[in-house]
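Undergrad: Following this message is one structure expressed as structure tokens.
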Amino acid sequence: MIVIFLGPPGAGKGTQGKKIAKKIDLPHIAIGDIFRTIIKTSTSEAELINNYVRQGELIPNEIVNQVIKNFLLSSEYKNGYILDGYPRNLEQAKFFESFIKEKIKIIYFDVSGELLIKRILGRYSCKNCGKIYNRYFLQPKTDNVCDVCGSSTFDYRKDDNEEVIKKRIEVYKTETYPLIDYYKNSGNFYIVNGSKNEQEIEIDIQKILKIN
């Protein structure tokens, strides 16, 4: 099974991707995480990618496509995966279809711009286990202590400020809305209301994928 999660930054793709992937025992491939890992390396490619991220711009298709192809053709993904954040435009979608022939399901997370900004500005994660929190909606049960692993060290993303977020959302709309129209005609396109809470969204996705 190959599942693509589409939606703007802050729509909840990462949170749901991890949950659903664990439930159906498939890898969750988060494109943003892949590129953030690359950025931490001391390479010219990392510096180039980081410049796009800091400015809230999308990384060029030729860079994204090659990185993703190298990942997806690995043997560990031969049985399927949940793909979070790719493709983002028609050119990427057609490139993806050129080397992936399996049937896919596309799930789009529909969320208002105002809620997206709050979700992104408020989010942070445990540095130890990666558990995601939000200062507006989902704080740890005990202040400054991770619910999962008990760590008190958290990571706040440096590219998450309101001006950059608004630009990322606008860039997303320009690049990705034509892709949504393209997939609507595929017969395997589904929309979930991303404004619901985590549990409700998870249930909706499980129904689409026909899992318990």
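Just so it is clear, glycine is given a Cβ too, placed from its N, Cα and C backbone atoms.
Since this is a predicted model, take the numbers as computed values, not measurements.
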Undergrad: In Swiss-Prot, the ATP site includes GLY10, ALA11, GLY12, LYS13, GLY14, THR15, ARG123, ILE132, TYR133. Which of LYS196, LYS207, LYS210 does it also list there?
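TA: Among LYS196, LYS207, LYS210, only LYS196 appears alongside GLY10, ALA11, GLY12, LYS13, GLY14, THR15, ARG123, ILE132, TYR133 as ATP-binding in Swiss-Prot.
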Undergrad: For the region 'NMP' entry in Swiss-Prot, name the matching range from 30-59, 90-119.
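TA: From Swiss-Prot, the annotated region 'NMP' range turns out to be 30-59.
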Undergrad: Given the binding-site residues ARG36, LEU58, PRO87, which lie close to CYS126 (Zn(2+) binding site), meaning Cα to Cα within 10 A?
TA: none
Undergrad: Might you list, by sequence position, any residue in that chain lying six or more from GLY10 (ATP binding site) with a Cβ less than 8 Å away from its Cβ?
TA: VAL111, LEU115, LEU116, ILE117, ARG119, ILE120, ARG123, ILE165
Undergrad: Counting across all protein chains present, how many other Cβ atoms fall within 10 Å of the Cβ of GLN92 (AMP binding site)?
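TA: The answer is 19 other Cβ atoms.
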Undergrad: Taking the Cβ of ARG123 (ATP binding site) as centre, how many other Cβ atoms lie within 10 Å?
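TA: I count 20 other Cβ atoms within 10 Å of it.
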Undergrad: If we check Cα distances from GLY14 (ATP binding site), which of the binding-site residues ARG36, LEU58, GLY85, CYS149 wins as closest?
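TA: Given the candidates ARG36, LEU58, GLY85, CYS149, the nearest one is GLY85.
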